[in-house]
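What Swiss-Prot records for this protein:
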BINDING   GLY38, PHE39, SER40, GLY41, ALA42, GLY43, LYS44, SER45  ATP binding site
DOMAIN    2-241  domain 'ABC transporter'
Amino acid sequence: MISFNNVSKVYESGGQSVHAVEDVTLSVEKGEIFGIIGFSGAGKSTLLRLVNMLERPTAGTISIDDKEITSLSTKELRKLRQRIGMIFQSFNLFNSRTVFGNIAYPLRLAKVPKNEIKERVNELLKFVGLEDKANNYPEQLSGGQKQRVGIARALATSPDILICDEATSALDPETTTEILNLLKKVNREYNLTILLITHEMHVVKEICHRVAVMEKGKVIEEGKLFDVFTQPKTKTTQNFVRSVINDHLPESVLAKIQNGGQIYRLTFTGEETGQPVLSYIAKNYNVDVNVLYGNIIELQNVLFGNLLVELQGEQREIQKALQHLRLQVQLKEVEAHAS
């Protein structure tokens, strides 16, 4: 659907070249929700602007549906942009227009007949749950309602792609969840490809199928959501994941390790999370199991569990218990320098 091939964007600033995006190669499949996460200045917003040619790449090519877009004429670009909807952190609504008028705006630009505009806008108002707000102005709406208007407006011309630029960053947690659920509905019912950028890993966790991590203009890690969360390879990705799955060792656990305690990290996936492996080894081997920390989250409808346990008993029995655990779950001994 969307392909970035060795794409770079360089700006000149104060006589120096600044690489906002550097040699990025990515592929976004049709109908998926693809997240790009990074800290401020990572280059993710620049990458988004390259998709609809608000910025042109310094090097490399970008293709949509196998059509290279960097050499399109002005007329062709105008047609391309009708296929791409966009929502923003700051909503970007016209304060002088009603909710109906905001949603209708791109349809009027496209010279759609009035009766069709009315039908389409009413359909979208119902879709985003704002049927009773058609004649309201943006100042009369909450942040979540404003973003719903933004989503409806982005969908007005029936695009194939929806770009979300920090779409939930200005919202409270409850409203964020509501907007993410609405975006899932958009993806599911309209089969839209959604390209989303954020600095919040919990947003990626809730909605994305795949994710790329950017740092200093480069993609440093990319893959399926479950793989990136459960096996983060880079330090930056690990820090993002820890904002959702806190695997830092508490001081009390570190003290136990330093005093000779045998601490192990157990990770469970899918059906493994429902297996009573700890009670089994406690009953069948002469060991005591002390659970020090644990959590379970859901990633794309698959459970992922993380436990820290201390095993106490004779070394021979502990080794037998460990042998059994290795057959059931992923197991790693935690060392004193771990954090």
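The backbone N, Cα and C atoms fix where each Cβ goes, glycine too.
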Next item on the list: Show, in sequence order, which residues other than GLY38, PHE39, SER40, GLY41, ALA42, GLY43, LYS44, SER45 on the same chain lie with their Cβ within 8 Å of the centre of the Cβ atoms of the ATP site.
Entry: HIS199, MET214, GLU215
Check: Given the binding-site residues GLY38, GLY41, GLY43, which one has the fewest other C-beta atoms within 10 angstroms of its C-beta?
Finding: GLY41
Check: On a count of neighbouring CB atoms within 10 A, which of the binding-site residues SER40, SER45 is highest?
Finding: SER45
Checklist line | PHE39 (ATP binding site), number of other Cβ atoms within 10 Å | finding: 14
Next item on the list: Within 10 Å of the Cβ of ALA42 (ATP binding site), how many other Cβ atoms can you find? Include all protein chains, please.
Entry: 24
Checklist line | Same-chain residues at least 6 apart in sequence whose Cβ lies under 8 Å from LYS44 (ATP binding site) | finding: ILE36, ILE37, GLY38, ILE197, MET214
